[in-house]
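Have a look at the structure below before the remarks.
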Amino acid sequence: MALVCVEDFEKKAHSVLEKNALDYYRSGAGEQFTLQLNRDAFRRIRIRPRCLRDVSVIDTSCHILGIDLRWPLGIAPSAMQKLAHPEGEGGNARAAGNAGSIYILSTLSTMSIEEVAAAAPNTNKWFQLYVYKDRSLTEQMVRRAEKANFKAIVLTVDAPIFGQRRSDIRNKFNLPPHLHLANFQGIKADGVISNNEATSGINAYVSSQFDSTLTWKDVTWLVNLTKLPIIVKGILTREDAVLAREFGCAGVIVSNHGARQIDTVPASIEALPEIVKAVGNDLVVMLDGGVTQGNDIFKALALGAKMVFVGRAALWGLACNGQKGVEDLLGVLKKDFEITLGLSGCQRLHDITSDMVTHESTYAKL
Ligand SMILES: Cc1cc2nc3c(=O)[nH]c(=O)nc-3n(C[C@H](O)[C@H](O)[C@H](O)COP(=O)(O)O)c2cc1C
């Protein structure tokens, strides 16, 4: 049967992934309230379409931090993509490149920085950084990303420790023995996520390796370490967005980590407006979390995001059919976005204005 929407890819992925991997990919923190909210909040926003505005040609191209893109959707960093398909991060990154998107590689990848660079040389790639207690190891990762032609560092700031994902704890989540954290092979024996009696293997790894003493001072360290633009990922408040500006970041990704860290935080789309209002003129504001429809992309742009990212959706595409699966999934999403633009009376992205969306409560008053 043809896969015509993200939900179709998700359903098929559920049927092919084994339980350890499926639970790891789909789960959120706690009782998963925010996981559901990330999607529901988009549906509480109504589009106010405009008519008779010549939409014979639709142009979704955009320019983000020095990169020309075919459309404003990229692939968010997600760990351990070979759990979804043997093509792993390489297949996902190639698909992003072929779709004219950006691919963000996770620190916790099952293919190394260099392997992904070789597998997808023509893709615009950013590197997502977790800061390790071993600062020289962290610095080495930045140097390797620079050398491999990654174009920005995405510093994830919402994960000093990992959230409690109940199914991972129940499953004692671990990587099967044939997979490893490829960025640490030969550098550290710790590139292994193994069985842990008390918790999930990933949580045990993170608390032993990640530097939870991190503060904004360390952002200064990173900004001074590299000429690459620094984007902070995981911002949910105007206060932290203002600090990101103060500490020299080029952009922020409004994100709750796919609802995997702290439950009952707002949906990313709910947090977006206050952040755009505070720093939107100075920083590139982007968003991820719950994006599954073309109209979600439209709503985020109308509320001031310059670009959005998908995490799980790309994993579902990868699980369905490797690189080809991600390409098909991105094709479905792009078509859906173009149709939303056309039916809303927008030829180009700058035709999407803030008055084209409103909260559902506007209509509840009628
Ligand atoms: C399985 C999985 C692994 C993830 N791994 C990382 C990671 O290594 N680094 C990171 O910054 N974010 C990670 N994230 C968060 C994503 O980058 C992104 O914020 C989130 O998936 C967006 O929500 P969505 O899945 O609803 O699109 C992960 C998310 C998932 C689902």
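Just so you know, the numbers here start at 1 and follow the chain as drawn.
Cβ coordinates are placed from backbone N, Cα and C, and glycine is handled just like the others.
The Cβ of H257 (active site, proton acceptor) has 25 neighbouring Cβ atoms from other residues within 10 Å, across all protein chains displayed. Summarising the annotation, TrEMBL assigns active site, proton acceptor to H257.
Feature annotation from TrEMBL assigns glyoxylate binding site to Y24, R165, H257, R260. Secondary structure at H257 (active site, proton acceptor), taken from DSSP and collapsed to helix, strand or coil, is helix.
Taken from TrEMBL, the feature FMN binding site applies to P77, S78, A79, S106, Q128, Y130, T156, K233, S255, G311, R312. Counting every protein chain shown, the number of other Cβ atoms lying within 10 Å of the Cβ of T156 (FMN binding site) is 23.
Residues or ranges marked as domain 'FMN hydroxy acid dehydrogenase' in TrEMBL: 1-362.
The predicted model assigns the domain 'FMN hydroxy acid dehydrogenase' (1-362) a mean pLDDT of 96. Residues P77, Q128, T156, R312, taken from the binding-site residues P77, Q128, T156, R165, R312, are distinguished by a CB atom under 6 angstroms from ligand 1. On the backbone, the CA of Y24 (glyoxylate binding site) and the CA of T156 (FMN binding site) stand 19 Å apart.
S255 (FMN binding site) and R165 (glyoxylate binding site) have their C-alpha atoms 17 Å apart, to the nearest angstrom.
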